[in-house]
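Written below as structure tokens is the structure these notes are about.
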Amino acid sequence: MTTTAKTDDIPIDTVILDIEGTVCPITFVKDTLFPYFIEKLPSILDKFQYPLSNTSASSDDQVLNILKQLPDNITKSSESIYKHFKNLVDQDIKDPILKSLQGLIWKQGYEKNELQAPIYQDSIEFIESFPTKSSTNNKIYIYSSGSIKAQILLFGHVKSTTTTITNEVIDLNPKLNGYFDITTAGFKNQSNSYKKILQEINKSSTPKSVLFLSDNINEVNAAIEAGMKSYIVIRPGNPPIDDDDDGNDDKINHKIIYSLDELDL
């Protein structure tokens with residue numbers, strides 16, 4: 001069942017956006033970012049001596065400091081580290097150490113222009129227009145399982161869809177008010193994570209003025225449980241919306257949109 005996404009009760013002045021499957025094709029993460037990380041990982045790991053437990057306690061190398069957060073049985077060799085991270089990627093496990101390392105490797109790719117984020121045009125237009133659409137100082141935040149560094153990189157290297165100039169990118173970060181990930185807010189299928197975000201953005205007393213958009217029904221349910229408004233976003237290539245974690249086919253009770261153009265805010 002599809003319903004028109006109109007506001008009710010308290011007007012919405014704050015929007016929190018999920019990334020993959022919501023403002024960006026889900027295929028970009030799984031078919032571009034993840035393979036890029038796996039491709040570059042061996043050469044990154046080859047820079048160090050193993051086992052890492054024998055290295056000095058402190059280092060200025062960001063990658064090394066991330067790797068040393070792993071258990072000693074994993075850091076005994078570059079092969080064991082590679083196998084560990086590849087397994088996490090293959091199973092799409094939201095591991096904080098993995099996310100931090102991915103962020104650093106993706107940073108190199110963005111800076112070399114080997115990576116550009118294919119944000120949907122309707123999402124670009126919404127991010128550019130919503131903050132100035134009202135005199136009430138509308139705000140936009142990002143909440144993703146990817147690290148905040150990775151989020152900033154992604155929105156700082158958005159592929160332009162309105163120009164014929166090769167490799168031209170748009171920086172949307174000036175339009176965004178903040179970022180949250182699983183290390184700063186918690187896992188996205190838990191209502192306490194959204195309550196924490198409400199506290200951070202000073203919206204605990206008016207949670208209904210906050211709208212969270214996601215393609216994941218469990219995340220939508222968690223946001224609603226925390227008091228926010230939340231809509232399901234359906235995009236081309238997204239997997240079918242299954243029952244929630246409790247086995248309930250309650251998507252018919254949610255507002256569904258197929259483009260951010262449908263938002264009446």
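Indices start at 1 and increase along the chain as displayed.
Glycine too: its Cβ is placed from the backbone N, Cα and C atoms.
Take the Mg(2+) site that Swiss-Prot assigns to D18, E20: the candidate from D171, D181, D215 listed for it is D215. Record check, Swiss-Prot: substrate site residues include S144, S145, and the candidate from K107, K112, K188 also listed there is K188. Rounded to the nearest whole angstrom, the C-alpha distance between K188 (substrate binding site) and D215 (Mg(2+) binding site) is 12.
It is 9 Å from the Cα atom of D18 (Mg(2+) binding site) to that of S145 (substrate binding site).
Note: the Mg(2+) site is recorded as D18, E20, D215; in the same chain, I19, G21, T22, V23, C24, I26, S144, S214, N216, V233, N238 also have Cβ atoms within 8 Å of that site's Cβ centroid. Spanning the listed substrate site, residues S144, S145, K188 have a farthest Cα to Cα distance of 8 Å. Distance noted between the C-alpha atoms of E20 (Mg(2+) binding site) and S144 (substrate binding site) is 8 Å.
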